[in-house]
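Record features, source TrEMBL:
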ACT_SITE  94  active site, proton acceptor
ACT_SITE  339  active site, S-methylcysteine intermediate
BINDING   114, 118, 121  [4Fe-4S] cluster binding site
BINDING   165, 166, 197, 220, 221, 222, 296  S-adenosyl-L-methionine binding site
DOMAIN    100-334  domain 'Radical SAM core'
Ligand code: SAH
């Protein structure tokens, strides 16, 4: 019977060093291999040219490198690229490269499917299959960094955890991936360029604050009225807005980092004065800004984008109250790469 080989990238640098020492080699060999795995993105032991052939063979016998594979790449008219990413066990997630004049943003997934049940989101219709490992998250970033260099002659500048899944329901692995992304041994990216988006899990927002993270936080709010929010985001029945507010106050008092609220205005759902007033009120609890996101239709029309007039009511009210508000146009709609459209249609 063949023994299942271990994924070498599940080992920390220290564990790799210990492995070599226990095999009669030098600890330093661990550093070399670690660099190949994380800095140079080696897919095969064969590629590790400064490591002796016999050592490479020994690694081959003991380990695998479970790399992701970009199975399919779709390009939008607006330059957005969507990768269908095949994992070692055959499951698929999607990640997106979003170019603008000045930056390239990677939108990455944290789970296969999603644990939550937002009625307006295509990903929610896939049941959660499993959490992604830290290296599967990191690899999506590397794949997009490579594409950015290839197509736009510049490295990736920003990362948003706004792909499939709820990042705070896969807390440890997302944190490990971010550690790697910001470490000089990984991409060396500033945490200020990374945004983790959550549908608002109060306990985990507090944990982020306790862990003194340095990245940005975005919350998918969509309504500041409990009855409406729990209707469109049923899981939020267990997380009332009062708890979310308290968690965000805790976050801000610890991090001094402004929160971004993501908000879609839908016809007949939150395009009314009471909803506008409730949002303005909610925005006063902690320093924040609001991104009004365009709705990307995913279904038979249960949800429809509100009229321009209703959206303007939000903008006027927020601006009157000195709250920063931006309208975010969708990118990559023609390839189902926009917010809420990731659903492995092609897989
Ligand atoms: N689970 C996390 C990460 C996903 S981010 C979160 O909820 O924040 C994806 C963003 O797109 C969220 O703000 C989500 O509310 C929004 N979204 C989902 N479906 C959408 C749709 N059909 N149109 C526009 N935005 C959508």
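Here the Cβ of each residue, glycine as well, is placed from N, Cα and C on the backbone.
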- Packing count at residue 165 (S-adenosyl-L-methionine binding site) (other Cβ atoms within 10 Å of its Cβ): 29
- Message: Checking proximity to ligand 1 here: which recorded positions out of 94, 121, 221 have their Cβ closer than 6 Å to it?
- Response: 121
- Note on the structure: For residue 114 ([4Fe-4S] cluster binding site), the spatially nearest of the recorded positions 94, 165, 197, 220, 339, using Cα atoms, is 165
- Of the binding-site residues 118, 165, 220, which one sits closest to residue 94 (active site, proton acceptor) when you measure Cα to Cα? 165
- Spatially closest candidate among 118, 121, 339, the listed recorded positions, to residue 197 (S-adenosyl-L-methionine binding site) (Cα to Cα): 339
- Query: Within 10 Å of the residue listed as 'active site, S-methylcysteine intermediate', Cα to Cα, which of the binding-site residues 118, 165, 166, 220, 221, 222 are there?
  - Reply: none
- Determine the mean pLDDT over the domain 'Radical SAM core' (100-334), rounding to the nearest whole number. 95
- Listed in sequence order, residues with CB under 8 A of residue 220 (S-adenosyl-L-methionine binding site) and six or more positions away: 118, 197, 198, 199, 200, 233, 261, 262
- Fill in the CA-CA distance, residue 166 (S-adenosyl-L-methionine binding site) to residue 121 ([4Fe-4S] cluster binding site), as an integer in Å. 12
- Query: For residue 121 ([4Fe-4S] cluster binding site), which of these binding-site residues sit within 10 Å, Cα to Cα: 165, 221, 222?
  - Reply: none
- Message: Quick check: which same-chain residues outside 114, 118, 121 lie with their CB within 8 A of the centre of the [4Fe-4S] cluster site CB atoms?
- Response: 116, 117, 120, 122, 123, 124, 125, 199, 233, 340
- Item | Secondary structure at the residue listed as 'active site, S-methylcysteine intermediate', reduced by DSSP to three states | coil
- Query: What does DSSP assign residue 197 (S-adenosyl-L-methionine binding site), in three states?
  - Reply: strand
- Least crowded of the binding-site residues 114, 118, 121, 221, counting other Cβ atoms within 10 Å of each Cβ, is 118
- Item | Three-state secondary structure, residue 114 ([4Fe-4S] cluster binding site) (per DSSP) | strand
